[in-house]
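*Asks:* Supplied in structure tokens, the structure appears directly below.
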Amino acid sequence: MRCQHCHQNEATIRLNMQINSVHKQMVLCETCYNELTRKPSMSMGPQSFGFPFEQAFQPKEQSAAKQSEKKGLLDELAQNITNGAKAGLIDPVIGRDDEVARVIEILNRRNKNNPVLIGEPGVGKTAIAEGLALKIAEGDVPNKLKNKELYLLDVASLVANTGIRGQFEERMKQLITELKERKNVILFIDEIHLLVGAGSAEGSMDAGNILKPALARGELQVIGATTLKEYRQIEKDAALERRFQPVMVQEPSIEQAILILQGIKDKYEAYHGVTFSDEAIKACVTLSSRYIQDRHLPDKAIDLLDEAGSKANLLIDELNDEDAAERLTAIEAEKTKALEEENYELAAKLRDEELALEKKLNSSSAHTAVTVEAEHIQEIVEQKTGIPVGKLQADEQTKMKELEAKLHERVIGQEAAVQKVAKAVRRSRAGLKSKNRPVGSFLFVGPTGVGKTELSKTLADELFGTKDAIIRLDMSEYMEKHAVSKIIGSPPGYVGHEEAGQLTEKVRRNPYSIVLLDEIEKAHPDVQHMFLQIMEDGRLTDSQGRTVSFKDTVIIMTSNAGAGEKQTKVGFQSDDSVIEEQTLIDSLSMFFKPEFLNRFDSIIEFRSLEKEHLVKIVSLLLGELEETLAERGISLNVTDEAKEKIAELGYHPSFGARPLRRTIQEWVEDEMTDLLLDNGEITSFHVILEDDKIKVRAK
């Protein structure tokens, strides 16, 4: 019989033991018996006597195997990305060949071979490290990197449970020693700026300082990834910075982002059980690029893809085939048992359940996958941003053709102004404007009450689907020099620096808006200086250092400056429009600087309204009143004579159309109010002209 401890020599000693009230017997060779009885625990009394023999029951081969299975510190704190790449757990990396090649070049160096990936959040820095792991797994790397393994270090786990002084340094030293021994390991540290200051407390060394000597000599290799803003923390420590070689990661173009999504869509289709059409892939990129301004491609496009797949997956009444098959087997057994027991009622119920389950299983197998289309992506963008993307995308070409007619319906008597605005917007939508300039920048000049603000509201409704898409700033709030800072936020060191600017933050959140600055001549001249850059380059930097794009906004400023001045023309001149425009610019030059006026796409003069225009405006105002009454189930009928009388009563050459609203309130709405209070069961109102006076009749 062989020895139960070494399994090699013949057993010569039979040993009987009782350990913790359990009787055990084993056979040993003389060598193993002498080895076990010499252990110090043998002299520590009967309870500890059995301890070495308890271990003796385990074969030496097994204990050696356990030693080999024991993982090092690196395996506890880091994850092997290369193994994940070999197992197919990593998404394919597309369009980043140049960056991956640059990383491989740096890793191939003799010293300071530590690349750090720097770029904005969401541009794909971690994906480049995963791309390197895929290339290593495929063997598509130089000979020096053939057998390398890429480990992702968890910095939080590195610092955890190191509360006692010296524990962190000891753990770092152990990690560095292990990395020096395992020459085939490349350490990837995401958010590498966390190394600066990690683990330091009251004079102890931080992770960055501990790693410096090993990084400089090339004893271990590290790949880092961080954002531009957070890389400054590493730049403060010049000695640490020089040990890293920066690799800039730029945001991919729209074409590259589409290729990236087409490459990874198979993974998302398999996960969600849906299919993505090519139009949906394109919509993910184009819509996220256009409407989600504060994030970067391809991350924001992948988020849309994932969310659309998730939403479509929830609509599928999915049946698990394995569970259904197991239940069918169980039903068959239960049905057989019920028949044996002559329980025919239960057997009939089980038969019905079996038929229903088979039918559902067959329909599930024949079920075609749900396809995600571009419309689904539009719905998600609308939910995330609040921008009516569907309205903006639908029949845009037709909408642009009809823009001028739609504006004329609401803005009366300003044909030239409406025509100029419509032309500028159509030119922009056709892609003929400068890439970064706003859609249009206009200065509306004219007397009060002629439709300057109304044109802005109508334009917002036609362009962006809602009249609420207006960011309106009252220039009377910006008459003082110090108030100008409210537009972009207070500078550092001043109260309110943490708060966002009134204009920049609104445009950042709602880039598709009309910015309306009423009575611009009231504002301090510094406001004009601030808008010089917006109208020229379509961008403005707020007090937090964030650049806000105005390329999707329409800038409209209104002014009464010079509206009351008329110049007499002397002599003969065929082109009156040239003289009028020159006269207008000359009068505005008294209030605004030439460089400010020169940046507008168009300076539009609004004419004073004539009596015939006021009748149309009365019809519009009464139409609004009719809609209000319709909500209460009351109809309204107004004769043409009554409309003309209202226009006559409300006409004032200096005040424009605003007196009309007051006239309607005085002659129509007040009469209706009295009638409603006297008789609550009114179904219709008739406004007529009787004895040259406006009368309201109720039915």
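Cβ coordinates come from backbone N, Cα and C, glycine included.
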*Asks:* Name the residue range among 3-32, 153-182, 453-482, 513-542 that Swiss-Prot annotates as zinc finger.
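*Replies:* Matching range for zinc finger: 3-32.
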*Asks:* Among the binding-site residues VAL123, VAL450, which residue has the fewest other Cβ atoms within 10 Å of its own Cβ?
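*Replies:* With the binding-site residues VAL123, VAL450, fewest surrounding Cβ atoms within 10 Å: VAL123.
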*Asks:* The zinc finger (3-32): mean pLDDT?
*Replies:* 77
*Asks:* Which of LYS125, LYS452 has the fewest nearby Cβ atoms, counting only those within 10 Å, among these binding-site residues?
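*Replies:* Comparing Cβ neighbours within 10 Å for the binding-site residues LYS125, LYS452, LYS125 has the fewest.
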*Asks:* In sequence order, which residues at least six apart in the same chain have a CB under 8 Å from the CB of THR448 (ATP binding site)?
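*Replies:* Same-chain residues close to THR448 (ATP binding site) (Cβ under 8 Å, separated by 6 or more) are ASN560, SER654, PHE655, GLY656, ARG658.
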*Asks:* Hey, does DSSP put LYS452 (ATP binding site) in a helix, a strand, or just coil?
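*Replies:* Its secondary structure by DSSP: helix.
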*Asks:* Please list residues from the chain of GLY119 (ATP binding site) whose Cβ is under 8 angstroms from its Cβ, counting only those at least six apart in sequence.
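*Replies:* Non-local contacts for GLY119 (ATP binding site): LYS125, THR227, LEU228, MET248, VAL249, GLN250, GLU251.
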*Asks:* Which entry in the list of binding-site residues, PRO121, GLY446, has its Cβ near the fewest other Cβ atoms, using 10 Å as the limit?
*Replies:* PRO121
